[in-house]
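Participant: Below you'll find the structure I mean.
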């Protein structure tokens, strides 16, 4: 479930109307989409943040008159310019004078580009590159852009420079560092023998590339660069698009990278029948997919590669394409989570904390969960024939939604029931007693509110049906097995539990953004590794699913008469996954599926989720050091659910293709309290 303390941060969203898709029309309006602010606890807020509407930048050559350059951009509906810090044609260091613009304008309207043309050569002038970077910091531009080198040595040189900046105690702390990467390698395209977009296949061409130290695959260029740099949220990617995109799997892999902007030259546009510039359908789909995967937080940078073009038409087209991608979501999950994407939350501690009223209210708005619960309750009642009055225990009753579902099912079937509503939260008990008086019949009601921990309560009458909603994002991570173990002493031999079973699922993912966010949540006086030894509830967006989820742990509640002494809630499992392409594993996404009764199921597994159900987000289990994975290699993860008298905790490690440490041994960084 979503952490209750974070529900205060969810705000109402405007239900803006959606735009009709059109590849052949350019919208004349530039209306940005509307969204309200949301709290981002412990999250860096960049100056180039894009949540409040589309932002467009113009990629410019150096001009001594930056004021005129910016004014021309504004007239074409751009909000900022990307310009070299120095004149690349001059043999002397001649940067823009900081007096040309007010300080506020440098920090808002200018992105500084560093000239690194010779960084791949052994004779490169690193001092010149460092001087440019220092001057860009002096100007306080929000973003500094570097072209990604294509040579091993060049990548190492740039990585050392960038690393020195992100680990420095001062200097570039307020600037982001974005790496411009051409999505189809210029080097690869220069070989006539190239017959795919993935790499060089001709042996002679391969030998030439190896000898020169060139990396043909642009993702491999980026992967090597970022692997040499300390994990930092200020490092981002600008994807420079071309008219020959890689295959779908490679494009999906980019969705797991910290993409900050799309760099689109006007030369890749085609002209439609009405004379307007449009992108090819594959390119447009990729652009819209990136907008969706980055939770709309992506800039557009247009480069005028065709002189004399009306740049306003390009801005209008991309604005329309973006607005279609961010239009008001049609599914309940996206509407509910909008503005909350990729935001890390600590899971609930249900036995240690009491939920707040607003948390109950949000859960009760789920349009699907309680409908399925009521269907399951009806189905169980239909199997309980010959019983004059069914005894139903709703354990963890909260504010009563499952009690309502039980009473509604009984009324539909014309069955007589008596419901025990068991709740340990004293504040929710007040609510239940109020509802008892106003809705359920007061003293004559067939409902009794029990103010007790379900594990301690002894029922005066044994139950025919036990109903609970104690599941977490990973199924058992809110201690449903331990909670329910305390209730079986109060049920009949043929009693039925709803749910009957639940299974956790796990899948490897690549997400530079979420891994960097994890590193940033370290608390004072805690070890450096502690953020990586905790599971986080998160609405995943900016990620790449390396392989499909597989089932891990299953808990069944069918043999309810089994003594507690014979029940073992500890678990161990190992899973093997296969990567389709080279990638970087940053951890594992967790999901669950539960069988309420018979064939009535609900779950969050990404390959087959219950539609429109938003009570649970996935859970993310990080690994300290990301693992390089080659195409067709096996990723083997080992997972433990451990328990003692005080707490339950998870431990995990990777043993293939390389070996990681065991995370969270003995629950040293995170555990789930039993009391």
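Cβ coordinates are placed from backbone N, Cα and C, and glycine is handled just like the others.
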Participant: For the S-adenosyl-L-methionine site that TrEMBL lists with 360, 369, 370, 453, 454, give the additional residue from the candidates 423, 478, 493.
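Facilitator: Site partner of 360, 369, 370, 453, 454 for S-adenosyl-L-methionine, according to TrEMBL: 423.
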Participant: Pairwise over 360, 369, 370, 423, 453, 454, annotated as binding S-adenosyl-L-methionine, what's the top Cα to Cα distance to the nearest Å?
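Facilitator: Largest Cα to Cα distance for the S-adenosyl-L-methionine-binding set is 24 Å.
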Participant: How big is the Cα-to-Cα gap, in Å, between residue 469 (active site, proton donor/acceptor) and residue 478 (active site, proton donor/acceptor)?
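Facilitator: Per the Cα atoms, residue 469 (active site, proton donor/acceptor) and residue 478 (active site, proton donor/acceptor) stand 10 Å apart.
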Participant: When DSSP is mapped onto helix/strand/coil, what comes out for residue 469 (active site, proton donor/acceptor)?
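Facilitator: Reduced to three states, the DSSP call for residue 469 (active site, proton donor/acceptor) is coil.
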Participant: Three states by DSSP: which one describes residue 423 (S-adenosyl-L-methionine binding site)?
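Facilitator: SS state of residue 423 (S-adenosyl-L-methionine binding site) = strand.
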Participant: Provide the number of Cβ atoms within 10 Å of the Cβ of residue 360 (S-adenosyl-L-methionine binding site), excluding the reference atom itself.
Facilitator: 20
Participant: What number of additional C-beta atoms lies within 10 angstroms of the C-beta atom of residue 453 (S-adenosyl-L-methionine binding site)?
Facilitator: 17
